[in-house]
Amino acid sequence: MEKKKVAVPLVCHGHSRPVVDLFYSPVTPDGYFLISASKDSHPMLRNGETGDWIGTFEGHKGAVWSCCLDTNALRAASGSADFSVKLWDALTGDELHSFDHKHIVRACAFSEDTHLLLTGGFEKILRIYDLNRPDATPREIDKSPGSVRTVTWLHSDQTILSSCSDMGGVRLWDVRSGKIVQTLETKAPVTSAEVSQDGRYITTADGSSVKFWDANHFGLVKSYDMPCTVESASLEPKNGSRFIAGGEDMWVHLFDFYTGEEIACNKGHHGPVHCVRFSPVGESYASGSEDGTIRIWQLSPTSSEDHEATNQNSNTNSQHTSNGSTTGKVKAGVSEISRKVEGLHIPKDGNGES
């Protein structure tokens with residue numbers, strides 16, 4: 001009955017436990033990068049285009065729930081069940097700072113200007129750290145009505161968006177006053193919230209629906225019922241005509257933004273899909289699953305056969321030698337970065353290798 005072409009993704013191995021968060025950097029002079037968070041406590045950095053493993057950040061002692069890169073992909077941050085958020089040098093893998101919390105941290109986000117780091121979690125407190133003064137006491141906004149699940153910045157760092165694990169809705173905070181200025185109402189807790197690349201839309205996933213909100217006037221633009229409970233959704237960044245969603249049925253669904261019609265259903269994961277994100281150029285998208293793998297899907301392969309050949313070549317490229325350096329064809333700029341990050345450590349059990 002299946003008439004749609006079967007997509008063959010790039011499969012990125014390495015994590016030994018479920019992958020729970022993915023984050024793409026913007027396009028940099030060296031390409032763009034993908035960082036992943038996993039319950040195995042080891043965030044990983046990859047070439048966002050090929051999926052090639054670059055390095056593993058070591059230091060957390062608990063599940064890592066959230067990860068992000070700054071605008072220039074020079075620093076990474078990760079929030080963990082070990083009650084900390086760690087700031088990393090994305091070129092060397094060195095831990096630059098560890099910000100202690102009093103409970104599990106579920107979310108973290110760099111400000112657009114890269115000077116601030118926002119965190120949230122089970123404490124029901126939003127914290128803003130000044131990265132120019134990492135030892136300084138953070139600013140705390142402590143009126144979150146529930147445990148914080150997601151955080152992000154919008155309006156050139158003038159507004160904070162947060163959602164809670166135990167109640168519906170998305171709250172918009174004025175950074176200057178620390179007050180909630182708007183609540184976007186949803187029936188179920190929002191498990192994924194993303195601001196579109198052009199700043200026009202907020203994409204949320206709650207229960208079995210994906211919603212699109214006007215990021216400036218906060219009205220509901222579109223709401224679509226999904227075929228299953230979804231955990232994550234992402235809007236194509238270039239023309240915004242398509243979006244992806246993933247959840248309990250283990251599939252990655254591609255939909256038309258204007259009609260809600262399903263365009264493709266990508267099968268391959270062997271567990272629920274916890275996170276999906278479009279690459280910054282919009283030509284591919286990544287999914288992370290309970291099965292411990294990341295899969296990178298091409299948006300519009302010319303044919304299944306061509307895509308499979310590309311996949312085989314890229315998988316060859318993503319093999320690594322025992323000392324952690326990448327082999328195969330990678331863009332010159334990314335190869336240079338790969339050499340720079342040879343200081344990133346590979347876990348002794350081999351979890352860092354593709």
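Along the chain as shown, residues are numbered 1 onward.
Quick reminder: no glycine exception, Cβ is built from N, Cα and C everywhere.
TrEMBL lists 310-328 with the feature compositional bias 'Low complexity'. Annotation source TrEMBL lists compositional bias 'Basic and acidic residues' at 337-354. Feature annotation from TrEMBL assigns region 'Disordered' to 303-354. Residues or ranges marked as repeat 'WD' in TrEMBL: 57-98, 98-139, 266-300.
Looking only at the repeat 'WD' (57-98), the predicted model's pLDDT averages out at 98. Secondary structure by DSSP for the repeat 'WD' (98-139): 0 helix, 21 strand, 21 coil.
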